[in-house]
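For reference, Swiss-Prot has these:
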- 15-37: transmembrane segment (TRANSMEM)
- 204-226: transmembrane segment (TRANSMEM)
- 241-263: transmembrane segment (TRANSMEM)
- 394-413: transmembrane segment (TRANSMEM)
- 417-436: transmembrane segment (TRANSMEM)
- 441-463: transmembrane segment (TRANSMEM)
- 510-527: transmembrane segment (TRANSMEM)
- 540-557: transmembrane segment (TRANSMEM)
- 567-589: transmembrane segment (TRANSMEM)
- 596-618: transmembrane segment (TRANSMEM)
- 633-655: transmembrane segment (TRANSMEM)
- 667-689: transmembrane segment (TRANSMEM)
Amino acid sequence: MSVSTVGGDVRVTRWVATIAGLIGFVLSVATPLLPVVQTTATLNWPQGGQLNSVTAPLISLTPVDLTATVPCSLVRDLPPGGGVILSTGPKKGKDAALNALFVVAHGKRVDVTDRNVVIASASRDQVAGAGCSRIEIASTRAGTFATFVGLTDPAGKPLGGGFPDPNLRPQIVGVFTDLTGPAPAGLKLSATIDTRFSTTPTTLKLAAMVTAILATIVALVALWRLDQLDGHRMRRLIPANWRTFTLADVAVIFGFVLWHVIGANSSDDGYILGMARVADRAGYMSNYFRWFGSPEDPFGWYYNLLALMTHVSDASLWMRLPDLFAGIVCWLLLSREVLPRLGPAVAASRPANWAAGMVLLTAWMPFDNGLRPEPIIALGSLVTYVLIERSMRYSRLTPAALAVITAAFTLGVQPTGLIAVAALVAGGRPILRILVRRHRVVGTWPLVAPMLAAGTVILTVVFADQTLATVLEATRIRTAIGPSQAWYTENLRYYYLILPTVDGSLSRRFGFLITALCLFTAVFIMLRRKRIPGVARGPAWRLMGVIFGTMFFLMFTPTKWVHHFGLFAAVGAAMAALTTVLVSPAVLGWSRNRMAFLAALLFMMALCFATTNGWWYVSSYGVPFNSTMPKIGGITVSTVFFSMFVAAALYAIWLHFASREHGEGRLARALTAAPVPLAAGFMALVFIASMVAGIVRQYPTYSNAWDNLREFSGGCGLADDVLVEPDSNVGYMTPLGGDYGPLGPLGGQHPVGFSPNGVPEHTVAEAIRITPNQPGTDYDWDAPTKLSAPGINGSTVPLPYGLDAARVPLAGSYTTGAQQQSRLTSAWYRLPAPDDGHPLVVVTAAGKIAGNSVLHHHTDGQTVVLEYGRPGPGGDIVPAGRLVPYDLYGEQPKAWRNLRFARSDMPADTVAVRVVAEDLSLTPEDWIAVTPPRVPEMRSLQEYVGSTQPVLMDWAVGLAFPCQQPMLHVNGVTEIPKFRITPDYTAKKMDTDTWEDGTNGGLLGITDLLLRAHVMSTYLSHDWGRDWGSLRRFETIADAHPAQLDLGTATRTGWWSPGPIRIKP
């Protein structure tokens, strides 16, 4: 080939790189502004020509706008007492008047109220008169107004009113009325449902996105061709060292696979799985637990991958495969690319390789084994670092362009993807030097244009089905509602790490602190020594720059969660390998320095063990010390390591003053040979042993590993092990004959201090009532305080769990007058023969009761025990022993709960049981109340709820219940759930209730207004003392059927917006 031909090819390639790069860049940047097709939805009422109520719960809670027209003739036809003409929420819903719009006729007046504000009001006689033709109502961004057309006020102006406040737009869960019969002419309500996020790309936008992606690829290929002009060949795509496997490879990969099966999950797995399962029906990736159903964009492409995976299965093992893949690839990149790049001393060091592998595992285990994006970010940051280093090593720009792409996509996963940007910044100056050197040969634009296209092509993914306006609105909502914390509150992230909670647990502390220790040690040594044989200073400093840069960038992320530390897993492992070499005898010749590092490492271990061995939610089941500090023989492990730290520190001080003429001793060399891989390996064994112990202690009931293994045979997670009483009135035992007192068999012969109404007012199931009601406080807002008809033993106290007072008696010791010691011994109740389907005896009780539980261990209180008896002479029952109950809610004295007594704890020849209750305290708060014992009829939650009924699964529980059907939403309207599944009481109160509250745009804003929730009796099979959570059955407040929406389509530009969603209370 001639020189002119080569020159011509270069010119063509330069033009291709420039033009394709600019096309890719321009089209990518234009993508957010290009038009989309919106699915429009309108709620019109009445429907079917009849006056009936319909439901249409809006995921955004409020509409874009609402108009209504009510003929005044309807008021004339109402009974004298009046009624609801129309409303957007059922009148008996929780805080209905505070949230919804009502048009109500009273005996004397007709009022239009919206969110507890009287918009307009007129006397009923005026409205019913001939002068009034209709009531017109409009609620838009401009405000809410109503007019009685035909009527005038004393000033002669049209009678009406209103307020120019966009926050008065009412919540809509449907349209409800007290009217019946055919719909009269002129009655109409029309609401524009907010479906701004339900969009698909137009043909123009789709073509632009495809062209942008193709142009970027062409530009990168052209850039690669220009890279060849230096005449040097890059190493092969798959180098030789990738083809060999070592013992460390086997150990690390086996560790990843083993942890994938038996290991703990991350905190937001249920949250993310819930979004992924709902996305297909919704048409976009909505954050439907909060924030008014707004999309996750611009940080959501990884969740869309998970949504695609749900089409195959929702099982945990399948859904978490991307994280397993990311972990294994991280290790392969570390061992084959990163460690050799850090220098021959690091690559050749077996301790360094093991340090990298063990630190990667121990950082991965607490943070990166779930559905959260940290493992993908860890992989993306490592790939970016590898590509930057390869670009510098070979003076090529194509790897740098690919690094820009990986950094952009890593940032597109979550704001914490800034770690990949930190990798770009760390390598920025060397890359700029390469760019300056190469532009003299091929020019500037052929090099810059592909880079621009590479950095912006992510926009075609982020804005594939959303627009700039919708993403800005979603960002506004998340920022306004929060959490959205300022940069100067970054200290909270580290503060949470030292608290004795799951966020500050043993595993999470080690996962981050080992990285921090290695980082600061390496910085100190590298600053002290200008040259270290076998260590490449440039890559080493850039690695440290990545970590420091990430710590800086994390300040600007809106949330300060500890789980974000999972993104350090890969770079932290590389830092551990580098530090292992830096603190080796080959570099630190004086054993004093190495012993000082060992002392620091032991101090870090003591700090790690100075907390609980806690894991998130169900992952902690059966794990030793999951709520206390680990101990050995009564001595905390933290104390052991702290003692070792003191010894090592004293030894280091002694070495400082001892003579160095005789060299270092064998003890010092042995202790300081490889402390990092040994410490990390020890911690990996601790974590694995914790999970294995949990499996053994929990079997045959639920544990993470057992659940994962059952998935191969179609298991349904926790739903297979949670037992539900469909009807708690079933299973009550027959009392044996005898003479009873005024309380009947429950009170026995001589009850003292107990009465049928001895319970405080408004005592509800499994809940605390605090006045005034606090956010996160669980209370039954609609529970009656007194029955209209007395129960079987004269009690008027409402019973929990659906218990029928006409069949179930009650006896309580509460009184407001003079206090006395109260005692009760019930009649003997005949116990059925034992079988596997009836493992429990249950007593529904309330008050301050002594009992045992997994969480609280033993709780002191008054006595409620179950006494069991054997057959005696003459047919009498002879007491044979007593059982203290499993009481899950012992710290909630004002709560009904089910006290559990395991049949397996009773002798095989037990034939009868009775309740023995004693309230010996004279303090009014120390009351107790009991009902008769029963042997409950139970079914698994999977059998009872099934996989087709819509369920509101709190964000914490989703991964544990993969077979239940989440409540879906489409075209801006949600399904109406039949049940709610919550986590344990503490998590429900502090986490899910507050996060999903309607004030924050959560799903509870819908269910609270539209439904009533009733707690059901549930138990975790063979783990009777554990609070797994709760199942709540929803009951509709109003008789209504789902509304039919009027759907359509509209083409919208990228900057079109129907206005801000109402997010203020």
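Positions of Cβ are set from backbone N, Cα and C atoms, glycine also.
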Sequence-distant residues near the transmembrane segment (540-557) by C-beta distance (under 8 Å, 6 or more away from its ends) are 338, 342-343, 381, 385, 388-389, 415-416, 418-419, 421-423, 425-427, 487-488, 490, 493, 515, 519, 522-523, 526, 564, 567-568, 571-572, 574-575, 578
| message | Is it true that the transmembrane segment (441-463) and the transmembrane segment (15-37) have 3 or more CB pairs under 8 Å, sequence gap of 6 or more? | response | yes
Of the listed stretches 15-37, 596-618, 667-689, the one with the highest count of C-beta pairs below 8 angstroms to the transmembrane segment (241-263) is 667-689
Given the transmembrane segment (510-527), its same-chain partners at Cβ distance under 8 Å and 6+ residues beyond its ends are 359, 362-367, 497, 537, 540-541, 544, 547-548, 562, 565-566, 568-569, 571-572, 575-576, 578-579, 582-583, 587-588, 597, 600-601, 604-605, 607-608, 676, 679-680, 683
Stretch winning on C-beta pairs under 8 A with the transmembrane segment (633-655) (pool: 15-37, 417-436, 596-618, 667-689) is 596-618
If one takes Cβ-Cβ under 8 Å and requires six or more residues beyond its ends, the residues near the transmembrane segment (15-37) are 199-202, 204-205, 208-209, 211-213, 215-216, 218-219, 222-223, 226, 445-453, 456-460, 462-468, 471, 1049-1055
